[in-house]
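As recorded in TrEMBL:
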type	residues	note
TRANSMEM	102-122	transmembrane segment
REGION	170-222	region 'Disordered'
ACT_SITE	ASP484	active site
DISULFID	CYS548-CYS577	disulfide bond
ACT_SITE	GLU619	active site
Amino acid sequence: MLEDSQASIITAVWELILLYLCCCRLATGCTGVLNVSCITVDGSLVVLFASAPSDEKMYPPSRKDFIALTLPDSSNHPYNNGKHRRQSCWRKWKQLSRLQRSLILFLLMLLLIFGLFSFPSITEQWRGFSDREGWLEVNDRGIKLQRKTPPQWSGQMLVPTLLEETRDQNIPMMPKPPIKKKGPSKRGPPNLQKNVGAALPDAAEGEKKELIENEGGEEDKEEKIISWRGAMIEADQATEPPPSAVDKGPVAPVPVNPAPPEATGGSVDRLEVVRDTFRHAWKGYKDHAWGRDELKPISKSFGEWFGLGLTLIDSLDTMWILGLKEEFTEAKSWVEQELSFSKNTDVNLFETTIRVLGGLLSTYHLTGDQLFLDKAKDLGSRLMPAFNTPSKIPFSDVNIGKGTAHPPRWTTDSTLAEVTSIQLEFRELSRLTQEPQYQEVVNEVMKQVHNLGGKQDGLVPMFINTNSGQFTHKGVFTLGARADSYYEYLLKQWIQGGKTEDTLLEDYLQAIDGVKKHLVRQTGPNRLTFVGELSHNRFNPKMDHLVCFLPGTLALGAHNGLPGDHMDLAVKLMETCYQMYKQMETGLSPEIAHFNLQASDSRDIYVKPADRHNLLRPETVESLFYLYRFTKDTKYRDWGWEILQSFNKYTKVAGGGYTSINNVEDPTNPGPRDKMESFFLGETLKYLYLLFSDDAELLHLDKYVFNTEAHPLPIWPSSPK
């Protein structure tokens, strides 16, 4: 039985509903009789409405409309006689009577009106909350909380007024990597599994304090973060995924190097700056990605590609060359104790050969340590199944644990660069082990490519089929991605073998003639020389940053007695590659540049939005190294120094590591991609160090040839037998 007070409330409510129903019936012209009855079921009140037409001649056969309202009793035993049917929402809505639909719409209208009237009070509360929020302000000592107005709309995203202030100060900002609130990470070499302060003997005191505070986890601080326009985190596998937005910590600026000492009349040790840059990158790798393939410095995590410690192995010879013996010893210990190739995993033949096999071989030559040769031999034997194809053109992927190989999942083609840029490493492995099968399989590839049709004045298509051994996608020629290192390895194999393999030299000379004939052009405004692409006899003024290997390769050929006009072209192309950095607002080159052939325009280089990223690539500083070694022109050193400063200004991440960026044209928001490629340590910093070194005997270019991952291998004293 319901209480009297409850009954009176219910009666009042239903009087309002009845009044509304009567109005609805009058508005719709319904003159039927409305019957209302109330019953109780197990202590619950059930109100039934029934309507019947008063004139059967005027209306269709009699139909009754019902609404059942069930009010549960105090013991929570509702009465429910509905049948559960699987019906669509629209069908259920159509099955409701006009009365029921009107009632539902009326209630929704009341809710809408209530929401509109309450909106001003909600906005006032939000405005008060926003006024109380503090925003970040930059000063000469870093970042502090400042009570300021909320973020303003920038056209693409909300950017705090901080960004407007920093434009005038030319201080780039990078968000501090989000940190999960937990204890110190146990991942890393043994000497890093201690307190954080002890692990940072060389760090600045401010940086130490910042890292210790973050590790301690100050839960109660207000969380402030500045989003970066265009930032993208790549979907790599990681054991520790990036923290969620809830876990993000306060923003920290990118450490900006002060003005170079020479600008104030002092001097600077450029070699030491390179070492410091390496140490900072290596610190991030040790702290957050030890033994993994790649560091993700923003999220303080790692990415796995093959699970072979790519960054560590790629960096071994760099550490030795830079004289970083302590770091080298730690890395060697990991190779000895942890590196194993007997795992069920697919690896890319080309990338594994140039990074891992090449890195192990070069480290063996520099140190004389048998450990690295043994590891190289183990890996080389596991890569051999890739060559078990009908055409002897290798598959792109190998399972080094199972001993099986296959092409990419989507095609039976391999890229030409992949199958023709593994020769230096396999040939050297045969020479060291006295096992000829490694050299035989890669020499067979070069022999087949030499005899194939489909070339155009020495230029080769980008793809080759592993079943037929024939070129595919004919008519498209580039010195960029998928074909670049084919041309590089033609020359370097000839040099490696003691300049005795004439077929390799012929193919190289013919290819350079084809480049000059079909691909070399000059811009309209300032006559910059560049190398474009050819697609079915249609020229495209587009040049990958990868093509900037060519000035160094041309200079190397000229140094080894090839025509002098190769050096002339190298000097012109070197200027263009430098301008790809110089003309960008960040001083860093885009991944792809497009060149202006119209003299009426003022700008030589423009960049499409999809091509504005920078991956910390080495090709330009590689060529600067070759040009300086052969000409001794100090401008090449100065250009390299400018590039290094830009890397430190726009890609350095507080706490350790460097990140590739999304937009080289926006110095305020370059947009970190949260990835440090292994070649930044393996190639970019190595070539910068060699560029600045005055030791002409350090990896003398008459004694060593560099593979396409910058790993030096010795030039053979005589042709192989």
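From the backbone N, Cα and C atoms, a Cβ is placed for every residue, glycine too.
Here the structure is a predicted model, which means the values were calculated and not measured.
Features as recorded by TrEMBL, highlighted on the structure.
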residue: ASP484; record: active site; Cβ within 10 Å: 24
residue: CYS548; record: disulfide bond; Cβ within 10 Å: 30
residue: CYS577; record: disulfide bond; Cβ within 10 Å: 28
residue: GLU619; record: active site; Cβ within 10 Å: 24
Spatial neighbours of GLU619 (active site) among the recorded positions ASP484, CYS548, CYS577 [C-alpha, 10 Å]: CYS548, CYS577
Between CYS577 (disulfide bond) and ASP484 (active site), the C-alpha gap once rounded to whole angstrom: 15
